[in-house]
């Protein structure tokens, strides 16, 4: 209280003495000009004589303040106690009274800019709008929230950079167009767009003989088959693509293997006992490992596949990019048909993109495992994937379906996914690559642009420089997975074309042992019945 009265007491109304320093009431004059031309009397200093410094023409510096020792001119007489109190009462009013409205700033500045720590609303960014003290308050970096990945979302670091799903849309258009071609061709041959005779196709589509003629995986069109090349019953008649009956005497049920396979035909088997399977020439339509990806057995078949492809497949491609998605999609589909060609019944006409989509499901499982700690409910996500896989596997046990394509596609998706996907989130945070996107063009600039290593194709040597031991360990796992899938793929192809070794119990992975379902697809006395 005493200090407040002391510093805020009013100046005594006495005769003119030394002119007080009117700080803040008058702007500083231009440096180098006479102070008498700029000073404007204000307040109690009106009518007083200039100070000795002003009389001598000394120009004060614009950087002088009331706290500088040389701001006040030296007095030539010794002050008395009374005069000291009188001078103190004149110069001790240090409270801020605002800018004088009658004294414009000669520099054209806004008077409000002279207020210390004054917030300028025009200079505040939206995220700093609530920060009023820019001197003592610093923006706090928001820590990433754990468990931010919700159900059904991809959680791999870098997967948030969405891209256009070109491959999904292009493949979907092709597959729908091919299916329209299937039913149009079958309607032309039989008069009906779907098979209703001699049996009804539960998939609501054309007959399997038409699918064989259009490129389904059908082993007799790809190599010599035991029981056909060395047949003990003589020449085997094959059903034609337009077959609608079971009467073997009808012409529609007396096609050759070459007519059934189409695509220019294949060499006819010998149909003689004792003929070795290595006899040349032999059927070799190898493209039947690829073409069936774009064929489907009916409306139900293509409907379920396209629904999964346009949801799960689209999101996966947008996250990992079209190149990675294309590699996994095609590799999983081809590998599934190769595995089915080795272990499924040789007379099953296998079609569909199910193997490819099982490879995408495998990528989703890897994404879940990679981002386990970042998910809100990882157990729920895992249960959903397991239920989806189990249901699809059980459907593959029904007659006429090739469950090996599902199994092979899923295994290829796991193996190749380890190679093409980024490392797990926890590992990427430890090695410092947690912000690297999937797009190759975003990392091609190197460390200076994105803070990430350069692309391997841009700078192979720089790609491996400065890597941490954990990075090398994970890349050894990736290399091992790549080598494994390549070796298994070569072994299965070699077995399909050379050794033709079969597995007696593997057949039960694709059928249920009821009503002779497991005999479906295998050669009988009359293989076409």
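Cβ coordinates are placed from backbone N, Cα and C, and glycine is handled just like the others.
Given the structure is predicted, the values throughout are model-derived calculations rather than measurements.
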*asked:* For the annotation transmembrane segment in TrEMBL, which listed range does it cover: 227-250, 251-274, 347-370?
replied: 347-370
*Determine the mean pLDDT over the domain 'Peptidase S54 rhomboid' (284-421), rounding to the nearest whole number.*
93
*asked:* With a cut-off of 8 Å between Cβ atoms, can you find at least three pairs linking the transmembrane segment (347-370) to the transmembrane segment (475-499)? Only pairs 6 or more residues apart in sequence count.
replied: no
*Report, as numbers and ranges, which residues of the same chain sit near the transmembrane segment (166-184): CB under 8 Å and 6 or more residues beyond its ends.*
193-194, 205-206, 210-211, 214, 294-296, 302, 305-306, 309-310, 313-314, 317, 322, 325-326, 329, 353
